[in-house]
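Novice: The following block contains the structure, expressed as structure tokens.
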Amino acid sequence: MMKKKESSVHLLLKWAGKDKYYLYLSILCSLISGLCTMIPYYGVYQVITAIYQYSCTKEVLFHNSILIFVSIVLRFVLFGCSGGLSHKGAYRTLYKVRCMIIDHMAKVPLGVLSEHNSGAIKTILNEDIEKLELFLAHHLPELIYYMCGPIAVFLYLCFVNLPLALVSLIPLILAMAVMGVMFSGMSKVLEDANQSLVNLNSVIIEYISGMKVIKAFHMGSNSFIKYKNTIEEENKIWNKISKKMGPPYAAYIVITECGLLFMVPIGGFFFLQGSLSLNVLLLFLFIGSLYLTELRPLQELGSNFAKVLHAVIKTKEILDIPIFEGGDDFPKRHAISLNNVCFAYPSNEKEPVLINCNLEINHGEKVALVGKSGAGKSTIIQLIARFYDTEKGSITIGGMDVQKLNYEQILENVSIVFQKTFLTRDSVFENIRMGTQATLTQVREAAKKAQIDSFIMSLPNGYETKVGSYGTRFSGGEKQRIAIARAILKNAPILILDEATSAADPENQVEIDKAIQNLCEGKTVIIVAHRLSALKICDRIAVVENHAVSCIGCHEDVLKESAYYKAAWESFYKARTFVYQMKGGLV
Ligand SMILES: Nc1ncnc2c1ncn2[C@@H]1O[C@H](COP(=O)(O)OP(=O)(O)OP(=O)(O)O)[C@@H](O)[C@H]1O
């Protein structure tokens, strides 16, 4: 546990980089401010001594009052400076850590990222990182401050009377024992509490994103059950924590204040014995029984510290996800080849999706992947785009193993149009150019080819129309054409269309087909075709079944060779020529 704490603080300071000097300065201010706590006690002792020795004059009162006043002002000024510096250091560190995570996530293989629960990532990015700020900006300087004062007072008391100074520590020893009880076995409970927060975040995200389905199926209050159960689970954990922490916390508070209980009899005994003067007894009765109450906030810091350690560990877990770095330049030719590829998803390693799968796609060729649902079509394209690495076998682009290629260049050279289009809360213009420096003319050019320019121009603010709330009014087909415009603008030589025509209805089917034709021009294309109508632009068709590509060729050849394709084509053909018969006659 101790090792974990050390490495976590060390990690935090490493992440802070040069900004750790703000934190060091803040600690120094806290330290001096904490030491100032001792000065008023010293002043009080001087006055008591003067009274006891009948030498108390106006000067003695005046000097000590000034001393006490200056030390109190200094204490607060320095504590304020410490807070300012710690906040500056903390927010700069927070900014760095957030950037580090975002940078890192951009280099993490997409598949690995999707294996992570999005609620867990949100908890880390949002709540856990905020806890780092709490620690750096507040806990660290406060820890020094609250510890320094009592330590300095104790040292001063040791200087005045060692045995009584040691007696003054008895409440501290008892309070530490109580704290030990309080925190024993807490790491598991706190871990559960953090996990329940992650679950709660995931359920909320799931609940909000599934709102449409919940309403459509009139699931009403039943849909709340998972949400309600998760809240109840969290409630149970926090009840458990408060039951465990409540009594020892009360004991801790009382014990830190019970100094007089020991000081009066023991100090009084020494005084009666004559080994203690009255001024020293008074000093210990006033101060020796009180100064430890300054340590009280340490208990709260202690419990928060456990949360901070958890946050550091979680942040590190994200930063430790292996990334793809370096690698060879992307080749100029783009023939794609799968050679005896075996693959199972990391979350389900026992169920192989692909076994010895082979596929050859020529440079500039357009190949459709067809097959039953769950056959592995999307898996193949995810492996080509290196969302995951193959277990056995290899995938090459232009003869080069994808695992040896620069990952960033793979992302640059492979465009994927997914079935679901993600629109950011930004203008349509920014949604098409997606962070590139493309001009409005270039964006419009791409949008024209994607058959969406006239629709965008009809929007209230044209290309400047904000998507956000308005975005919900885009139809599936319109969104898909925006995605196609993005891909046209990106102009990557390899194009993957995963069910890209699925949102097409008869009205915009023609437009989407035209958009896709424009998009595919001169590219190496793989289309995951669920509707066989998408096959018309393809040179060859590959059937995915039984964990591999079972046959590949032109439409006529595959029709002869593949029973699956023959059946699929026949039902597609029947559906195309289907005429609805109404009761009263033909429609
Ligand atoms: N992230 C994942 N983790 C675990 N298993 C997965 C994952 N994604 C897909 N699978 C499983 O892998 C198998 C192949 O899925 P894949 O999506 O490649 O099929 P598909 O042919 O594209 O199906 P569909 O046409 O329905 O989209 C399926 O059994 C699916 O359940």
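Cβ coordinates are placed from backbone N, Cα and C, and glycine is handled just like the others.
Caution: TrEMBL annotation is automatic and unverified by curators.
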Novice: Tell me which of 139-160, 161-182, 249-270 corresponds to the transmembrane segment entry in TrEMBL.
Specialist: 249-270
Novice: In the same chain, who gets a Cβ under 8 Å from the transmembrane segment (276-293) while lying at least 6 residues past its ends?
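Specialist: Residues 37, 41, 44-45, 48-49, 51-53, 149-150, 153-154, 157, 160-161, 164-165, 167-168, 171-172, 175, 256-257, 259-260, 262-264, 267-268, 270 contact the transmembrane segment (276-293) from elsewhere in the chain.
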Novice: Pop the mean pLDDT for the domain 'ABC transporter' (336-571) in here, whole number is fine.
Specialist: 85
